[in-house]
């Protein structure tokens, strides 16, 4: 069986460097565009010293409160057996509730919507990150500015094309490269802070308050740009399972946060000295001789940031499939050593297509910035709500204390979310639309699967009495092994009924195999497989997997063989599957048009042979019709 190598056995500094290469790519490349967008001409904020100090103060305290306090100190405590992310947090919160209660239903919908918002963010991050880095050419080599869009498209196509080959080899370089990136951020910022040290006054939150009070409406609009410094904050929590909380906290406090703060303050110092630098305050931090190297390093950093988002989309899809919210898809493992490195072709090519359309339509990072942020803030609000449930129901914290903590976080989150709602018309509709469409599809799939399960249970035959009757009056037994994959270990598989009806035989060794997904990321190997010997060569096998794992039929059979002294020859084994055809009807459940959508999704789901890695030439599929 597969070892659960998700445990973190490397030295803390090594894990921290690795985390810097994966976890902090998105938030680490935010200085490329955040401050520039905050002073967008459309906001009408004058480039005075007081305004610059006010905006820098807002950026600083947003980073401290949302990332440094909310995520690093509180949310990262709410791990699901070491795993983070909105679906893992949802599973943890649901564990303490009655699954049939309205509260559980609401939390499930919130968690799924949060996951859908991640996809809305995942199509913006690579687009805005790469294009903002390549836009450095407009400063470093103005005569090449016409190449910004074509270069961005080429880089993105190459990035998605290499996914199928895995990124294990180049992944080892991500950490050191991003460490260099953060050191460069810090050095550029510190250089300008030393030239204009008065910018340090922005550490005082009074400047943020004064700015908000003086400009009110414009300042609230600016909050929609300030949130750009927080994009990627959710990754600290979502990637916790890969590295552990300690390395991520260490990387944040020792290198990432100081570097970001120094760079933002350095950009502020530059603007106070030369307001015209608002054209591109990040690249104008660098001396002329360093511009082209900085463009190259920025492009590499944004590719790494995009890679983290793409890998996150694969992982989230895999989790959602195991939890039953997404149809089966073909999942390929790109590394024999790291079980978490996977590739989902459908997700990969859909992301690339949408991202290229976005780049061609929006054309610049300035235009894309309007679309960025709303998905991030929506996920932040959902994370806060789910964390509140965990604090009260799982940790049993004092409700007054929870109200105080969550009240502060929710005020900040809703403030940012409200400010981003103002950008819906300019581009915020894009991630919202993607998220809403995915939410509809995921809820349709989940509801449809529940209806199919109910119809199957209503028409099903209890398994144990049936098998006892079968053993009492056995049909003709044939040599070999038959394995029936079934979704319920208490009902007779439809494929068995059809086999007995048409072929009138039963194999010498017959195994009923059921896969179940637990609400934890990983299942210990010792608890993976349970086998019940019914007698007469009949066995009930239940294989348990976590939502971060991919079921493996061959591995299960090896475990059964090891514990029950059996051998399995694949060429002497037949796998019997029921191919369900879903037929929309007027029966109670969903509206007919949603049932048709579900039937289409069901028809296009990956075949069980692909998903469970079963040799196609050993499979017997028997059709069955289910009316919903």
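The backbone N, Cα and C atoms fix where each Cβ goes, glycine too.
Listed ranges 309-329, 372-392, 456-476; the one Swiss-Prot annotates as transmembrane segment is 372-392. Using the rule of three or more Cβ pairs under 8 Å, pairs at least 6 apart in sequence, the transmembrane segment (142-162) is not in contact with the transmembrane segment (252-272). Counting only same-chain residues 6+ beyond the ends of the transmembrane segment (104-124), those with a CB under 8 A from a CB of the stretch are 86-87, 89-91, 93-94, 97-98, 231, 234, 309-310, 312-313, 316, 320, 325, 351, 354-355, 358, 368, 371-372, 374-376, 378-379, 382-383, 385-386, 389, 430-436, 438-439, 442-443, 446. Counting Cβ pairs closer than 8 Å and at least 6 residues apart in sequence, the transmembrane segment (210-230) and the transmembrane segment (15-35) reach three or more and so form a contact. If you look at the transmembrane segment (173-193), the same-chain residues 6 or more away from its ends with a CB under 8 A from one of its CBs are 17-22, 24-25, 28, 31, 199-200, 255-256, 258-267, 269-270, 273, 285-286, 294, 297, 300-301, 304, 307.
Residues 27, 34-35, 38-39, 45, 84, 89, 199, 202-208, 211-212, 222-223, 226-227, 229-230, 233-234, 236-237, 248-249, 252-253, 257, 260-261, 264-265, 268, 380, 383-384, 387, 405, 408-409, 412-413, 416 of the same chain lie 6 or more positions beyond the ends of the transmembrane segment (55-75) yet place their CB under 8 Å from a CB of it.
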